[in-house]
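Working notes for the structure below.
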Amino acid sequence: DPGVYHALRQSVGPRLGAALGAAFYLAFVVDVCFYVTGFCETLVTSAGLASMEQVFTWNPPGTWVSMSIGSAALAALAAICARGVHFSAKVSLCVLIVIVSCIGTSLVCLMLPTDDDETGETAISAQTFRSNTMPELKSNDLEKKQGWHDSLTLMFVLVFPGFTGVLAGSNLCGELRTPATSIARGTLSSLVFVLVTYVTICLTLAATVQREVLRTNLLAMQTVVLHALGLPIGQIGVACTTLSSALSYLLGAPRLLQAVARDSEWAPLRLLVTCDGQQPLRALFVTWLIAQLIMLTGTVNLLAPFVSGLFLLAFALINLVCFVASVSRSHFAPRLRVPTKLVSLTGFTLSFVAMSSALSATMYMSISSAVLFVLLVVWQGKALLNLFMHGERPSLGVQPPLLPSADLSTDAVSEANFERA
């Protein structure tokens, strides 16, 4: 079973675990659409295919041209996933090499001096870095029209999905030889690599490109590389990044759906379960169909708050489960030696506060709070009340061991069989 879902199911039982798994699955599917739509917007803008005539009536920024390109890309990604994990891993490795090469080339081009005033590049300049140091947040007319009156909030909901890929990787733990070691090392190393990459890009842009250009030209990095080399290196890097991220989520989401279907008591959902060792093609088809429908929303900015909100809600639930387990079970001892109660409670608080910022509308916050409250009550409402009022420890729905905890030696078993005979 997928890593996070397996841990949740072991802690809260199969019923609530299936509900939490469904929330994770929805977040993964929306994230697939988020990255595919980002790829489409970059390609349409770079190729000059943007049209203000063939737009969606329900969401004017989105166009049929963008959706057609996204549908083709989504179908291609689904075909790659149908080939299996090993083939997808080879594709992802090749894409990673291209991404790292594009990032390195872009950083070198930013540091080179240029005489082109259009790019706003000054090479490495202490004066440029100082002018970009202090914040000066402003919302443009399009952001205000879409309900974003705070650029910091919009920036958070757009950037945050880039840090959620660790969950997509954990969904593939069933394909690994040593998942406990590989997932831990892979997760921590990827987080460090992503953090270093983002910080390096931000500092380089701050020291080489003028503030006004960074504010008005969202593709400033690509523009600099295009003027320096005459090649669309930046666009290639963005395309590879978005498609590889979409591939990772599309690869893990069907496996999560199959695990949820296996624990579900709803008969139609159990039809998605395939035999062990086979590719979850049925779940992959359902995932592709749902993603295709969600892509009709049209733009990244419309999908971003839903992606961030769903993942933050999922992170809040994970930390809540960990906190309750650490409080209610004295034998709860995860391998990672940290102050579990403090860390999990802090994580829950930060996730919920961040979700409040990402889903600023009252309706979204009300729905999220209601879902969190209902899941908590369904899970351990009465037991949690006894815990905090009387100090009684609730049962977290973990199945008792089928055998006694005491070890039975082979001699004892043999003696028992001899007496029975």
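Note: Cβ is positioned from N, Cα and C throughout, glycine not excepted.
Per TrEMBL, the feature domain 'Amino acid permease/ SLC12A' maps to 5-380.
Among the features that TrEMBL reports, transmembrane segment is placed at 18-44 (among others). For the transmembrane segment (18-44), the residues of the chain that approach it from at least six positions outside its boundaries are 2, 4-5, 8-9, 12, 50, 63, 65-67, 69-70, 73-74, 77, 161, 164, 167-168, 171, 219, 235, 238-239, 242-243, 245-246, 249-250, 252-253, 256-257, 259-260, 263-264, 287, 290-291, 294-295, 297-300, 303-304, 306-307, 310-311, 313-314, 317, 371, 375, 378, judged by C-beta separation under 8 angstroms.
For the transmembrane segment (64-81), the residues of the chain that approach it from at least six positions outside its boundaries are 32, 36-37, 39-41, 43-44, 49-51, 54-56, 87-88, 91, 243, 246-247, 250-251, 254, 284, 287-288, 291-292, 295-296, 298, judged by C-beta separation under 8 angstroms. For 64-81 (among others), the entry in TrEMBL reads transmembrane segment.
The annotation transmembrane segment is assigned in TrEMBL to 93-113 (among others).
Summarising the annotation, TrEMBL assigns transmembrane segment to 152-174 (among others).
According to TrEMBL, the transmembrane segment annotation covers 186-209 (among others). Through the fold, the transmembrane segment (186-209) approaches residues 103, 107, 110-111, 119-126, 128-129, 132-133, 162-163, 165-166, 169-170, 220-221, 224 of its own chain, all at least 6 residues removed from its boundaries and within a Cβ separation under 8 Å.
Counting only same-chain residues 6+ beyond the ends of the transmembrane segment (229-252), those with a CB under 8 A from a CB of the stretch are 2, 28-29, 31-32, 35-36, 38-39, 42-43, 46, 73-74, 77-78, 80-81, 85, 88, 91-92, 95-96, 98-99, 102-103, 105-106, 109, 162, 165, 167-172, 219, 221-223, 284, 287-288, 291. Sequence annotations record features per position, and here TrEMBL assigns transmembrane segment to 229-252 (among others).
Taken from TrEMBL, the feature transmembrane segment covers 283-304 (among others).
What TrEMBL lists as transmembrane segment is 310-330 (among others).
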